[in-house]
Amino acid sequence: MTQTSQRPLRVLAAMSGGVDSAVAAARAAEAGHDVTGVHLALSANPQSFRTGARGCCTIEDSRDARRAADVIGIPFYVWDLAERFREDVVEDFVAEYEAGRTPNPCLRCNEKIKFAALLDKALALGFDAVCTGHYATVVLAEDGSRELHRASDMAKDQSYVLGVLDEKQLAHAMFPLGDTLTTKDEIRAEAERRGLAVAKKPDSHDICFIADGDTQGFLANRLGGPAEGDILDESGTKLGTHEGAFGFTIGQRKGLKIGHPAPDGKPRYVLDISPVNNTVTVGPVEALDVTALTAIKPRWCGTPPSGPGTYTAQLRAHGGESEVTAELVDGTELNVTFTEPVRGVAPGQAVVLYDGTRVVGSATIATTVRRERVATGG
């Protein structure tokens, strides 16, 4: 059954300044909980964050959150977590790209900020739970444990970016939007009925701490400027140059400066990134097919699996599901084999395992196994 409370709780509502978190806070207050709103200041220089429609952590967003709290009728505070965010999210993002991996900063923010730094402070101040506008569901199992499940509306489900949470964190998590089969237009209509000015505010997208959306430029600035290197084909032949291998991700097609079309006339995609050699290897789309992967740093939403099992896996925040078999090795590595090959799997991404709608756990992809290709031509 869905997690319910027999008594009003002291709830700290994380309010980003967007419509989802505002409606979530309003629903929590309407349910009878003692709600306090908080906006997280995540940068010593808010101008470095995206502003307007595409932001989530700017001065403008803080003002929107405060206005929403005033309408709801709850106390509101701004908490400075800029240094923690810099260390745990921004620096991690830079280090992962420098190593040739593809991080997910939103997932890391949930793990290290919203349900660690924020939750720890909330519990220390006597709050019972942290409420957010995520679309996911916490379920109270028959044995009394908490389980994380997909949202009722799969189209809006955000359980992937919450797959790093453990049972202790889930016991203090509240997701008021996850249970309802409401469209985003209906959420906006509800916000408008409640008098919330953010009702028509567009959703945030992209990476909040890169103000202009230029990930390559951001990384070049942090890592000492562009360093020209070679773009190679699978045989090692030079096809072109790049301005820094650290800005690419597996499966990328755009931004490849290749001097001439491939012999087969087909587009080329990033297959491999070598920070040591500062090279990027490209190839045809079928070369991206992955049959298995090994993932590290597993985190479980409950008891770890005791042996091999069959699950569905999700590899990206908005990706589809894949049938897999998975086995935990020595408690530290997760070996995952796909029933059918999948494309564009990048080290650094999270693989999240599901048993039906229930999140089993997640781990960080370390290595992949590509499908063998049969040579053709004559």
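Residue 1 is the first one shown; counting continues down the chain.
Here the Cβ of each residue, glycine as well, is placed from N, Cα and C on the backbone.
Listed features, source Swiss-Prot:
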- A14, M15, S16, G17, G18, V19, D20, S21, L40, G133: ATP binding site (BINDING)
- C109-C208: disulfide bond (DISULFID)
- C109: active site, nucleophile (ACT_SITE)
- H134: site 'Interaction with tRNA' (SITE)
- C208: active site, cysteine persulfide intermediate (ACT_SITE)
- Q349: site 'Interaction with tRNA' (SITE)
Of C109, H134, C208, Q349, i.e. the recorded positions, those within 10 Å of D20 (ATP binding site) when Cα atoms are compared: H134
Local backbone state of C109 (disulfide bond), from DSSP in three classes: helix
Reduced DSSP assignment, A14 (ATP binding site): strand
Collapsed DSSP category at L40 (ATP binding site): strand
Coarse DSSP state, helix versus strand versus coil, of D20 (ATP binding site): helix
Cα-Cα distance linking Q349 (site 'Interaction with tRNA') and A14 (ATP binding site), given in Å to the nearest integer: 25
Rounded to the nearest Å - Cα separation of S16 (ATP binding site) and C208 (disulfide bond): 11
DSSP three-state assignment for C208 (disulfide bond): coil
C109, H134, C208, Q349 screened against G18 (ATP binding site), Cα within 10 Å - retained recorded positions: none
Rounded Cα separation (Å) that holds between L40 (ATP binding site) and C109 (disulfide bond): 11
